[in-house]
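A.B. asks: Found this in TrEMBL, in case it helps:
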- Asp484, Asn511, Gly513: Mg(2+) binding site (BINDING)
- 42-147: domain 'Thiamine pyrophosphate enzyme N-terminal TPP-binding' (DOMAIN)
- 239-357: domain 'Thiamine pyrophosphate enzyme central' (DOMAIN)
- 454-578: domain 'Thiamine pyrophosphate enzyme TPP-binding' (DOMAIN)
Amino acid sequence: MDTKIGSLDATKSASNDVVSCNQTNSTAIQPCVPVARCGDSTLGGHLARRLVEIGVTDVFSVPGDFNLTLLDHLIAEPRLNNVGCCNELNAGYAADGYARARGVGACVVTFTVGGLSVLNAIAGAYSENLPLICIVGGPNSNDYGTNRILHHTIGLPDFSQELRCFQTITCYQAVVNNLDDAHELIDTAISTSLKESKPVYISISCNLPGIPHPTFSRDPVPFSLSPRLSNKMGLDAAVEAAAEVLNKAVKPVLVGGPKLRVAAAFGAFVDLADASGYPVAVMPSAKGMVPENHPHFIGTYWGAISTAFCAEIVESADAYLFAGPIFNDYSSVGYSLLLKKEKAIVVQPDRVVIANGPAFGCVLMKDFLKALAKRLKHNNTAYENYHRIFVPEGNPLKAAPKEPLRVNVLFQHIQKMLSGETAVIAETGDSWFNCQKLKLPNGCGIVDRYEFQMQYGSIGWSVGATLGYAQAVPEKRVIACIGDGSFQVTAQDVSTMLRCGQKTIIFLINNGGYTIEVEIHDGPYNVIKNWNYTGLVDAIHNGEGKCWTTKVFCEEELVEAIATATGPKKDSLCFIEVIVHKDDTSKELLEWGSRVSAANSRPPNPQ
């Protein structure tokens, strides 16, 4: 996504183009499908065309009486595929996963009962800076202002409850209940989502989608976004100040953060690393955004649970540049990072802060990193220090024949499965920590290879996100690592994966509970009812579509299962239930859990 919206190459130009807000010139983005003249000049047809123009070719939906006519017009667009989901939460999660791969996603639900159900997924997308178009089929336009009580509401003659809920988790809200301003509202909502890289809410009255209007012409008005530009004087001043600090430093380092995505600055960050010679680390939620085969890559910086020798180099540096960081209690391991503000240069998508000194606004990250790369002296001192102290990690202890499977052995085998043809989705929980230790293969240092939801951390996210991600990039084999507790929240949409013919491999890690919660604060509420997960997926399969399931208890069975999933069943959805001990967790989770617990349990300050 460095130069893309909707998987479109931003270096090309054409008529009827979309202009990326992330570009610093008037470069245009071609639609992913040629925008042909369309006979449907209705509101619904216009919305369908706009979705296709920005790169959305699949929408995730749950039907309800208020959105049925709208869905008719969306599916009438031959370039737009409707993916029916089992519930609204999963439809939102799927749109989230789709947006991570394509640059933007969309879901369609019905008024209030659907809208309030999808809220949690939209909030997660907001926290992760994902452009997502949430479309709601709304009340009949004639019912607004009539003081009537409507079904699917809480029984009050007030249709604004849903809108008010969405106002805090979307960057723009459009209520379309008349045709005259529908074109403007829809286009403003979509463009705002792309410019802000956040979700938007569009409510469309149920009686309007099929009605034509002159603004929904057969030859659509070109859709474009104004390019964002850095303030030239501010950019120059920020680069000058940062270069002065870094060029004086003895052992500076670079750390990439998750907002590299929204800033579309992956390439600029790597160019800076190449030019500077500094060691390069990533924050945990930025894993996969920097090539792990970069010659100066030193791993994940996550405080006390960083990859081996990474924290020592970062925290002992006399200057560090963080590009797009998010410092919260999770990423800071309960606020325990050993960093000093006076040593830090923090670069956000449109702002640069130099230590305790000046802050520079209206400076785009990409522009800043590119300009800074030209001003830095080459300095590989810190990387040489890392190279001197680094000791390769050992392999897990060899398992005895038929010994119960250990989690570290499981991920040793998952590591061997990774290639340029795979992508990894890590569920909230111990999979966060185990997947952090996976070495992404050469060519996988881009955002469409590894995903997890760290800021929001909603358990169950990965099922829907896997569905959406796999739908967006069908050429890749998605490997999803999901805990049993999380799977119980959203398991239904394995059904939709099968309907869509997806070939994902799901590792269901069955350890009998909410392990991540156990390590923060244990109690009987963290134990869940055990399911026969393979039996459940077999029942969902019901003989329709390609599906293969198995349950493994030891390494020998795991090896055989992986061989089958990547061999004879490579074109099937493969569900591998892995039985492990309830206390078998990564050492990183044990450390992280105790520190987060300490942060959560701080006593009140004296009043």
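FYI, residue positions are counted from 1 along the chain as it appears here.
Quick reminder: no glycine exception, Cβ is built from N, Cα and C everywhere.
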A.B. asks: I want the residues beyond Asp484, Asn511, Gly513 whose C-beta is within 8 angstroms of the mean position of the Mg(2+) site's C-beta atoms, in chain order.
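C.D. replies: Neighbours within 8 Å of the Cβ centroid, excluding Asp484, Asn511, Gly513: Gly483, Gly485, Ile509, Asn510, Gly512, Tyr514, Thr515, Ile528, Lys582.
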A.B. asks: With every protein chain in view, what's the tally of Cβ atoms within 10 Å of the Cβ of Gly513 (Mg(2+) binding site), excluding that atom itself?
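C.D. replies: Its Cβ shell of radius 10 Å holds 20 other Cβ atoms.
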A.B. asks: Name the residue among the binding-site residues Asp484, Asn511 whose Cβ has the smallest number of other Cβ atoms within 10 Å.
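C.D. replies: Ranked by other Cβ atoms within 10 Å, the binding-site residues Asp484, Asn511 bottom out at Asn511.
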